[in-house]
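J.: Please read through the structure below; I'll follow up with questions.
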């Protein structure tokens, strides 16, 4: 129940209704509750303080001792004096009104905390309701009164309120309690309904257990047999795979050993061939060295023979040249003597 719904349900004020003076209570306004001016506007709920108003009654109504002392000390005013506009309230009435307002504001603070805790409780209770709601409650439950309205009206009149103001306040409190109790009945369940829901849940659990036993006897046995068959097949396949793997391993080992022996034989043959080739190469190198030494010796002998022949031819040519030169000189001298 929010402030909008309360404002919509509030009856309209007649023009003849008088307001209390603004200085009647002498208390500054607070954000949760407005002051006395405006008649019943000080009971206008704001925010979360409108929901948990059942505690508001206990905080609003003063104790019997305070009420007795207030009524004993304050003189009783007549109806004509109450209906006069602009009449100042007596000091006892003002004190009682201030006490009621102080209790109301203190209750507003407590109500905010209680509203938040009640909201958390309702949210946690919704998970365990199991779809049992309170729509089928009798109307007498939601329409019954939870406090003495006549005594509260009399108490408000004794504290300085008019009859109309007291009736409006009591009607607003009755509506607030009805809406809060309806919200509580919608959010919560009774102990009997909780026991019924618990019995239903237990019966459903028993049915599920029976179904599980039946499934274990019928379907689970078949599933177990199928699982055993599958396990046997898997074991056989595993054995076959292991046999194949061992065969492949032995074949590969044999092939590897054969190839290894063949490679070793080829390596030995290649080594032998390499040794033979090396011996042949060494022999060829020796033959080449021998042939080279023989040719070198032959060349040296030929060169020495040619040198000796050249020396001999040199001497012969020198002899012939010397003889030819002397002959020419002798002929020239002979001709020279002849001419002279």
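Counting starts with 1 at the first residue shown.
Here the Cβ of each residue, glycine as well, is placed from N, Cα and C on the backbone.
Look at Swiss-Prot and you will find 197-291 tagged as coiled coil, backed by sequence analysis. Swiss-Prot lists 204 with the feature N6-acetyllysine. Residues annotated as region 'Disordered' in Swiss-Prot: 1-44. Swiss-Prot lists 1-54 with the feature topological domain 'Mitochondrial intermembrane'. The topological domain 'Mitochondrial matrix' annotation in Swiss-Prot covers 75-316 and rests on similarity to another entry. The feature transmembrane segment is assigned by Swiss-Prot to 55-74, 317-339, with sequence analysis given as support.
Would you situate these features in the structure and describe their surroundings?
T.: Classification of residue 204 (N6-acetyllysine) by DSSP places it within a helix. If you take the C-beta of residue 204 (N6-acetyllysine) and look for same-chain residues 6 or more apart in sequence within under 8 angstroms, you find none.
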J.: Within the coiled coil (197-291), what mean pLDDT does the predicted structure show?
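T.: Residues in the coiled coil (197-291) carry a mean pLDDT of 90 in this prediction.
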